[in-house]
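As given in TrEMBL:
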- A:Lys7, A:Tyr8, A:Gly9, A:Gly10, A:Thr173, A:Asp174, A:Tyr179, A:Lys209, A:Val210: ATP binding site (BINDING)
- A:Thr47, A:Glu74: substrate binding site (BINDING)
- A:264-338: domain 'ACT' (DOMAIN)
- A:344-412: domain 'ACT' (DOMAIN)
2 protein chains.
Amino acid sequence: MGLVVQKYGGTSVGNVARIRDVAKKVVEARRAGDGVVVVVSAMAGETDRLIRLAREVTERPNAREMDMLVSTGEQVSIALLAMAIQSLGELAESFTGEQVGILTDSAYTKARIKKISADRLREALKEGKIAVVAGFQGVDERRNVTTLGRGGSDTTAVAMAVALQADRCEIYTDVDGVYTADPSIVPDARRLDKVSYEEMLELASMGAKVLQTRSVEFAKKYEMPILVKSTFMGGQGTLVTREDQDMEQVVVSGVAYAKDQAKVTVVGVPDRPGIAAKIFGRIAEENIVVDMIIQNVSERGLTDISFTVPKSDAIQALEIVKEVATEIGAQEVTLDDRIAKVSIVGVGMRGHSGVASQMFQALARENINIMMISTSEIKVSCVIEAKYAELAVRVLHDAFGLGEGRPEVKEV
Amino acid sequence: MGLVVQKYGGTSVGNVARIRDVAKKVVEARRAGDGVVVVVSAMAGETDRLIRLAREVTERPNAREMDMLVSTGEQVSIALLAMAIQSLGELAESFTGEQVGILTDSAYTKARIKKISADRLREALKEGKIAVVAGFQGVDERRNVTTLGRGGSDTTAVAMAVALQADRCEIYTDVDGVYTADPSIVPDARRLDKVSYEEMLELASMGAKVLQTRSVEFAKKYEMPILVKSTFMGGQGTLVTREDQDMEQVVVSGVAYAKDQAKVTVVGVPDRPGIAAKIFGRIAEENIVVDMIIQNVSERGLTDISFTVPKSDAIQALEIVKEVATEIGAQEVTLDDRIAKVSIVGVGMRGHSGVASQMFQALARENINIMMISTSEIKVSCVIEAKYAELAVRVLHDAFGLGEGRPEVKEV
């Protein structure tokens, strides 16, 4: 008998009718002979409703209490889904993060899993039960309720699959897989049958909302295959797995973009050692994640430093940097939040030179100015003006031949 | 420094504005110098909303999953109240039943508290925090979530007060105390300043919804004084405490009625030893609580047995009894759910004969037929047709001189 972990997101359990549909799918998998663990999110809208309640109470809700509050959303889902499964004649039992032994650190609202002791789950499975597990939540060492951050249910699912040594982890969502680009922007975007963990990581961190980044990291670390499928449409889905021969033959697997960043520029920085450390040290202290950093060529002992941060942290970053700027005698600090980052991603890039320049040329042909560039082994990202984001994605999707009807395996 | 446990019901925390008001009251008590533990129910309507969801999923929701589901209601309340208290500048921390160490048996939806290990609460209090505790819930030995039955938050509050050796337990509700009768039926009903545990028990079990029966049993056992007060109106409230001289001088303290029972009659039961044990043994196995039992005089070796059970369990009881009836060769089983139980209650009854007959006479004067009678030391109850319930209460309230403006201390 195999073991499969299935995860259903908030839209998939958005109302009672949908919960019943999910129950049917789960029962099907069980009757096909597999042991089944189902991880579910809160019903769509529920988490937001709870957050709104908290904000009505106070502008700055305490993080511990916030987790106590929002974790109820998943608890409602697991109870209802367990009932629905039982009503179809199968045994089922629901479990909170605490009951399932998900131990996290105490970083409320963005906790990280430290340990999973899935004994109770194993027992339930042995008794032939379908285990219904609350995604997104755990407890710290003092048994305070914690949550794993938005999308954390993916991480719960992958972590459970790893802990139980499941055969695979199936993530059911409202799209039918991972695409070469966002289909709402690029009409001929193509679903990928397979994508490597590394590529998925780059795509996820770039705003492809199919999977939470951390869940992919987890899967990569333990080589747990993830199958991303649609709850509603069926289809074959996309397998996220380790890199193989096929993948390497495709130079670029996908194009992604993100508009959630803002650019901060410190103008006229004295070009002395330790200045960058001072700026970014202070920002790191506030737990603000800096993505790209660029330092211009120094002129007359002065240099400009630009970097990007999440838009939600931009004002705070600006204030911090203004303080530092005064201390170090920089001339000015500016903020630009009308930027976008477009990226091309592909493990096949490794063996190929010229991919980056091909990207720059494609953008140049449309007169799209590149403000910042960053590269990794399997990714090239450019920061451009936000208004060109969609155009840039289409242009790149086309330039690298990713469209429907074109051969998937392609040398550039 | 004293220690007070306050409990606020669902209406008191029915929306964000009210939660803020409760926070103010709690903070006042804290600033007056007492350690404060607050027990709260789910926001008014929330438990019903969750139950409706469950019934949409399945007609017969599993009891374990039901508890998993409805316990989220209190969890939402504690988080929001803790936030509200914090926003007023006091330290607060919320705790689920599990976190606060409320260990119960595994009788889902009507679990009983077995043990409380309030170490974590003591610690929070020592740190100067206001502890906000989820009422109504606990966990069994395997850490399955359990609930204590409707109104169970009262029991949580009293049990916490006992475990922490609090000075008193204050129950805030939407009425300003315990009345001689339901004021919506008897306009001149009078608020009692004091009532004994025993009387309160009889009144509570009779449907006076001010306090859950079990909470009063708990308070009685450990002699924890309960002060019942209104959240909204202020006032002196009613002190539920141990019997004293004053109380004994009043023969009847209150009149109560309940319409939540149904009567099951087994007709033509062979009058052999062990039959009753068989019937009620089987019913007890299903955790159905039988209230009154009457066995008629035997004729030709056959007898009739009538008993009352909660309406919600009536169909199940009927089915069980029908099975047993076939086994033992009884003739017929009937169900009557249009009944009401009216009771007079008073510790002063003990010393007085003729109270029961005075009650029967009063009902007879209005031509109200009595179907069943049961008596205890401090109570006489009659089962009558449901349609006469309110009339009977008014008649009895008057017959025993309980009205407003009459002296509270009164000999009959």
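We count from 1, first residue shown onward.
For all residues, glycine too, the Cβ spot is worked out from N, Cα and C.
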*asked:* So, three-state DSSP: helix, strand or coil for A:Lys7 (ATP binding site)?
replied: strand
_Whole-number answer please: how many Å between the C-alpha atoms of A:Thr173 (ATP binding site) and A:Glu74 (substrate binding site)?_
16
*asked:* Through the lens of DSSP with three states only, how would you label A:Val210 (ATP binding site)?
replied: coil
*Can you grab the distance from A:Lys7 (ATP binding site) over to A:Glu74 (substrate binding site)? Cα atoms, rounded to a whole Å.*
12
*asked:* Suppose we draw a 10 Å sphere around the Cβ of A:Val210 (ATP binding site). How many other Cβ atoms does it contain, all chains included?
replied: 22
*Please list residues from the chain of A:Glu74 (substrate binding site) whose Cβ is under 8 angstroms from its Cβ, counting only those at least six apart in sequence.*
A:Val40, A:Ser41, A:Ala42, A:Thr96, A:Gly97, A:Ala134, A:Gly135, A:Phe136, A:Gln137, A:Ser153
*Just give the helix, strand and coil counts over the domain 'ACT' (A:344-412), going by DSSP.*
30 helix, 14 strand, 25 coil
*Whole-number Å only: compute the distance from the Cα of A:Thr47 (substrate binding site) to the Cα of A:Gly9 (ATP binding site).*
12
*Restricting attention to the domain 'ACT' (A:264-338), give the mean pLDDT.*
88
*Hey, does DSSP put A:Thr173 (ATP binding site) in a helix, a strand, or just coil?*
strand
*Hey, does DSSP put A:Thr47 (substrate binding site) in a helix, a strand, or just coil?*
helix
